[in-house]
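Undergrad: What Swiss-Prot shows for this protein is this:
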{"type": "ACT_SITE", "residues": "12", "note": "active site, nucleophile"}
{"type": "ACT_SITE", "residues": "14", "note": "active site, proton donor"}
{"type": "BINDING", "residues": "12, 14, 182", "note": "Mg(2+) binding site"}
{"type": "BINDING", "residues": "23, 98", "note": "substrate binding site"}
């Protein structure tokens with residue numbers, strides 16, 4: 001792996017790394033779409049997915065059947081090379097997603113990209129003793145609210161980005177962040193990015209629409225993308241821009257340092273005075 005270049009790339013998962021919503025994919029592929037649509041207006045999404053996992057279990061669907069469905073989920077062929085290239089260039093990669101741990105880990109392990117991510121922030125998805133998947137909220141809203149009116153009750157991605165930024169600062173890192181997402185839940189974190197960061201919203205998706213309503217609210221440089229090929233190209237361009245900028249700053253520092261040494265050398269060099277001028 002290349003030397004760390006102080007770039008942190010945060011990926012949403014559904015419709016960003018993969019081409020579909022993993023929750024909908026499992027429900028549809030296992031034949032529970034009608035029940036899902038019936039229950040959708042009655043509860044938050046996270047609670048609904050936990051209920052759907054109970055329904056799957058009650059109807060005899062196993063965890064292995066769920067995993068088999070997840071392993072055939074569609075992904076654009078250029079997304080995996082983009083992830084591998086970014087990692088090889090020294091970027092730190094993280095996932096922030098409103099899916100769940102079992103879905104994400106099953107998919108990225110199957111795709112062979114699990115090792116490239118240093119952190120996955122998502123809703124816990126754990127299998128109980130009866131073999132049923134329990135999907136819990138990332139933030140337990142039954143005990144307290146996370147306080148963000150923009151985000152669903154179980155997860156504020158903006159707070160997660162704030163925590164990541166704070167941890168990087170505590171470690172003394174001056175990292176630049178690149179955030180990629182598609183959904184309305186990715187809007188809140190876009191507002192927390194700094195001027196030196198980059199926001200990559202998927203064009204004509206909810207987060208792109210929200211940003212387009214008032215672009216001045218986002219301090220970061222916004223570069224939209226349409227598909228995996230577009231994502232790879234733009235992501236590599238941004239990484240190269242940041243690395244070139246950092247190399248230029250480093251060269252400027254070295255040049256400034258050399259100039260300083262030369263200047264000091266001239267000032268302190270003994271002056272040879274002709275003897276006939278000595279009084």
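Heads up, residue numbers simply count up from 1 along the chain you see.
Cβ atoms are placed via backbone N, Cα and C, with glycine included.
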Undergrad: Roughly how many Å separate the Cα of residue 23 (substrate binding site) from that of residue 14 (active site, proton donor), to the nearest whole number?
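TA: It is 9 Å, counting Cα to Cα.
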Undergrad: May I ask for the distance between residue 182 (Mg(2+) binding site) and residue 12 (active site, nucleophile), taken between their Cα atoms and rounded to an integer number of Å?
TA: 7
Undergrad: Going by DSSP, is residue 12 (active site, nucleophile) part of a helix, a strand, or coil?
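TA: Going by the DSSP assignment, residue 12 (active site, nucleophile) belongs to neither helix nor strand, so it counts as coil.
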Undergrad: Taking the centroid of the Cβ atoms of 12, 14, 182 as the Mg(2+) site, which other residues of that chain lie with their Cβ within 8 Å of it, listed in sequence order?
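TA: Here the non-site neighbours turn out to be 13, 15, 16, 17, 21, 97, 181, 183, 186, 202, 205.
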Undergrad: Can you count the other CB atoms that lie within 10 A of the CB of residue 23 (substrate binding site)?
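TA: Within a 10 Å radius of the Cβ of residue 23 (substrate binding site) lie 21 other Cβ atoms.
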Undergrad: Enumerate same-chain residues with a sequence separation of six or more from residue 98 (substrate binding site) and a Cβ-Cβ distance below 8 A; give 'none' if the list is empty.
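TA: Within the chain, residue 98 (substrate binding site) has Cβ neighbours under 8 Å at 14, 45, 46, 122, 123, 138, 152, 154, 155, 157, 183, 185.
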